[in-house]
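This report concerns only the one structure given below.
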Amino acid sequence: MRLATWNVNSIRARVVRTVDFAVRENIDVLAMQEIKCKPEQFPYEAFEEAGYHVEAHGLNQWNGVAIASRSPITEVEHAFPDMPGFLKGHEGPDAPQEARALGATIDGVKVWSLYVPNGRGLDDPHFTYKLHWLEALRAYTQRTLAAQPDLPLALVGDFNIAPTDADNGDPTVVEGVTTHVSPEERAAFQALLDAGLTDTVRPLVPTGYTYWDYKQLRFPRNEGLRIDFILGSSALADAVVAAEIHRNERKGEIPSDHVPVVVDLELDGDADDDRPMIF
DNA sequence: ATGACGTTATTGTAACGA
């Protein structure tokens, strides 16, 4: 299985580019974030003509997540348990959930397409929301892997955290000043790893960014952030044989500000695993 | 210069992003 994640920053604005990438790169499962539309507005036809099933979860013009897959998509969920909600001016336990998580099972792999809240500012209610959201995700992960230690679980998407200083090349992103690099966010990311997940890309692609702001020549200057990840349980991480960050997708006409991240998995029963058996 | 850049709501202006 070739698994990818991409914050597309509007699927309607970039459907041709997105499908072209999936086909050209032979992607089996593409998790998308920031589709910025409701399901009835999603350009399903372009994906279906290219051989993909699609599940989309969007409530309005904000956020929105989707999964395109060559194999059938089952066990679809629109939130993980206890996922907090948010509504500006109506913070609290009763705030409605946003379209930031889509879970599904594909060829035995449990995949979550995740768009972690931005945080907006260190003193903003959205920052508290971000930390609560990540804690609920950690708790879900820990419970799930305690019950099913051998589950191939993939948490993929835009985590809106640069886990180490090496993941921050943007001079305007500064610890103590902006989100994405605070000790609290980094601790929340580490807690996810401690719950049984591995960053499956870093060992194979040790450097590089996945996002560059549209403003101030950030991409030509290569002043980006590494904030998009493919995290996997041990069963999933052990199956990773290759990983890529597709920096070139930040080039050309109307690019997203994020680029795709891809892993190749060799799972038991892979139909395309044609290597000879050697004893 | 409280903006730069881009998308979506909408059609003048605001929210949101990281």
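Cβ coordinates are placed from backbone N, Cα and C, and glycine is handled just like the others.
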* Name the one residue among A:Asn7, A:Asn222 that TrEMBL lists for the same Mg(2+) site as A:Glu34, A:Asp158, A:Asn160, A:Asp257, A:His258. => A:Asn7
* Structure fact -> Taking only the CA atoms, the spacing between A:Asn7 (Mg(2+) binding site) and A:Tyr115 (active site), expressed in whole angstrom, is 8
* Asked: Could you tell me the C-alpha distance between A:Asn160 (Mg(2+) binding site) and A:Asp228 (site 'Important for catalytic activity') in angstrom, no decimals?
  -> 7
* How many neighbouring Cβ atoms, not counting its own, are there within 10 Å of the Cβ of A:Glu34 (Mg(2+) binding site)? -> 25
* Determine which residues of the same chain, besides A:Asn7, A:Glu34, A:Asp158, A:Asn160, A:Asp257, A:His258, have their CB within 8 A of the center of the CB atoms at the recorded Mg(2+) site, and list them by sequence. => A:Asn9, A:Gln33, A:Tyr115, A:Tyr211, A:Ile227, A:Asp228, A:Ser256
